[in-house]
Amino acid sequence: MACLLRVALNPTFERSTVASQRQNPKTILSFHCKVSSFKTKTMSQSFAPREKLMRKCREKKEAEREAEREAEREAEEEEKAEEAEAEADKEEAEEESEEEEEEEEEEAEAEEEALGGDIEDLFSENETQKIRMGLLDWYDVNKRDLPWRNRRSESEKERRAYEVWVSEIMLQQTRVQTVMKYYKRWMQKWPTIYDLGQASLENLIVSRSRELSFLRGNEKKEVNEMWAGLGYYRRARFLLEGAKMVVAGTEGFPNQASSLMKVKGIGQYTAGAIASIAFNEAVPVVDGNVIRVLARLKAISANPKDRLTARNFWKLAAQLVDPSRPGDFNQSLMELGATLCTVSKPSCSSCPVSSQCRAFSLSEENRTISVTDYPTKVIKAKPRHDFCCVCVLEIHNLERNQSGGRFVLVKRPEQGLLAGLWEFPSVILNEEADSATRRNAINVYLKEAFRFHVELKKACTIVSREELGEFVHIFTHIRRKVYVELLVVQLTGGTEDLFKGQAKDTLTWKCVSSDVLSTLGLTSAVRKVPPFRLQHIKRLSLDVMVEKEQILECRCIQWLKHTSKAYLFLMSHQIEQPYRGNENSHDLLLTLFFMLLSFYSSCLALGIKFGDLGLKLNSLVSTEKSDGDV
C-alpha cells in the first residue's frame, strides 16, 4: 500500500518501476488483494459517521418518547378532570323538587337508624378529642410546605380567602405537584381577586383585514391560556365569573360558607375550605381524601358515591372539626388522606390516629380484613370504544408572504365535555373505517363546518395529503382510537371566499402558527397530534440526508472499484497479448484511481460528510453557472 500511495503522491516516481511491477503477475495479485482490503476498510470507516448519526437520532428519539409518555400521564389526569366536569354539569342541571327532598330526609333518617342511632353519636366525645389533638399535633410537624399555606394578617383575610379559593379549584382532580407551578404563575399575574376581576376569559385580537381567520400572533394570554395544561377548563371559567361577581358586589368577599355558596362556581366543599381556613369558621370539608379517612376511622363499607352515604360523611366531618382551629384541622384531615392514609398503601404505623381507627383494629384482629377494604371500591363500567379521524389542516397563503403555514383550529361548544376548548377538525365515527371512508368524512365535515361557498378543490389547491398515523386516547369511560392525517393546502384566492359565512362575534375557528399552539387552551388529545407531524418531518429530513450520503459514498466506492478493475484488466490483458494502444493509457488510469483514492481518504480523515460535500459542490456549480463561467 505504501508503494501504491507513493505512485499517487510522488510525481517523480520512476516509470520503469511501474513498468516492472506491471509485468509481474505476483504484483498484480498483491495489488488486487490490497485494493480489496482497502475497500473493505474504507467502507467500514465511511459508515462509521452515519452509524454515529443514527445512534444520536435513536437516543434523541428515546428522549422524545419519554417526554411523550410523561405528557400522556398528565393528559390522563386532565381527562379525568374533564370527565368530572361532565358529571358536574349533569348534577348541576338536575334540580331537586321539594317532594324529593322530603323523601330523602325520610330515607336519611332510616339510614341513620340502621347505623345505630343518630350520626352525631358515632364518635364519642373522648374519641373526638383524641382525633382532634392527634391530627393537629401531627399536622404542625409534618405539613407540606405549599405556596397557598402562607399565613396572612387579619387585614389580609380577603387575600388569604382568594388564595385558598384558587388553590382549591386547581387541586380538584389534579396532583399537588402539577398545581404548584400553575398556582405560582397565576398569582403572579392576578395577585388579588380584583386583578382577576379585570381579566377576560379569552381576548382574541383578530385582524380586521380581509382575512379574519389569520391572527397576527398578538393574542393575549388570559384565563384559559394561563390554565392551559391543567384541564377541566370549566373551573377557570367559574373562577373568573365568581371573581367578577364578588368584585361587582358591595359587601366585599363573603366570609361565611352559606354566603360563599351563592358565588358562581363555589360549592359546599370549596365554601367550607375558604370559610374555615381564611375566616376561621367551624365548618367541615369533605373530599375524596377525607371520605377515605372517615370511612376507615369508623369502618364504613358503604358506597361513598351513594348520596345518603355522602351526607353521613359530611355529618361525621362536622362533628370532628375543631372549633378553635377549624382551618388547620380540615387541612390536617386532607393531608392525612393524601400522604399516609392512601388508597392502596396506607402507612398505619405512622398514622397519628391509628389507635382510634376501627378499620385498623379489625385488620389486627382478623388477617383476612384489610384497611384498604374501606371504603368500598366502586366497580367502574367498561369504557366503550369509538373512533375519531383528525385532520391537521395547514393553510399557506402566498399573498401575505408568510414564512410558514398556519393550522386551523375549531372551537368546541360552550356546554358539555371539553367545553370551549380548541381542537383540530375532527369527526367521530360509529365504527372502524378504512382510509377512503375516513377521508370522505373529513371532506364532508370541512365543507359543512367552514361553510364553504365553493368546492374545496376550487377554493384552494391541495399541496399534499397523507396519513400520519394513529394513537389511542383513554377517557374515563371511552377508549378512543384516533386516526391523524395532514392536509396541506395553498389558497388560490382571497380568504374571504374560504370562510365567508363566519362572523367575528361568532368566531368558532381560527388559524394559528405552530408556536401559538402550545399557548392555547387545547384538549389533551389535540396536544398528542402535533408530535405526529414533527416526527414525520424529522423522519423525512433524516431519510433524505442519510440517502444522499449513502449515494455519494457508494458512488465514490464504485468509482474506485471500477477503476481498479479496469486497471487490472488492462495489465492482465497486456501479459497475455502485448498492448498496442496508447502506452500511457494504463498510467493515466492508475493515476485516476489514486486521485480518487486520495480524495476519498482525505474526506474521511477530515471528517467531511459526503452529503455536506455534495451540497457545497452543487452550490459551487450553481454559482459558476449563474456567473456564466460554465
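The backbone N, Cα and C atoms fix where each Cβ goes, and this holds for glycine too.
Taken straight from Swiss-Prot:
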| type | residues | note |
| --- | --- | --- |
| ACT_SITE | E168 | active site, proton donor/acceptor |
| BINDING | C341, C348, C351, C357 | [4Fe-4S] cluster binding site |
| COMPBIAS | 54-72 | compositional bias 'Basic and acidic residues' |
| DOMAIN | 383-536 | domain 'Nudix hydrolase' |
| REGION | 54-123 | region 'Disordered' |
| MOTIF | 427-451 | motif 'Nudix box' |
| SITE | D287 | site 'Transition state stabilizer' |
Tally of residues which DSSP labels helix, strand or coil - the compositional bias 'Basic and acidic residues' (54-72): 19 helix, 0 strand, 0 coil
So among E168, C341, C348, all listed as recorded positions, which is physically nearest to D287 (site 'Transition state stabilizer')? Use the C-alpha atoms. E168
Within 10 A of the CB of C351 ([4Fe-4S] cluster binding site), the number of other CB atoms across every chain shown is 21
Between C341 ([4Fe-4S] cluster binding site) and E168 (active site, proton donor/acceptor), what C-alpha distance do you get in Å? 20
By a 10 A CB contact count over all chains shown, which of the binding-site residues listed here is most packed: C341, C348, C357? C341
Return the single residue from the recorded positions list (E168, D287) that has the minimum number of other CB atoms within 10 Å. D287
For C357 ([4Fe-4S] cluster binding site), just give me the three-state DSSP call. coil
For C351 ([4Fe-4S] cluster binding site) and the residue listed as 'active site, proton donor/acceptor', the CA-to-CA distance in whole Å is 25
From the centroid of the CB atoms of C341, C348, C351, C357, the recorded [4Fe-4S] cluster site, which same-chain residues not already listed sit within 8 A by their CB, in sequence order? R296, L336, L340, P346, S347, V353, S354, A359, F360, V371
Per DSSP, how many helix, strand and coil residues does the motif 'Nudix box' (427-451) have? 15 helix, 3 strand, 7 coil
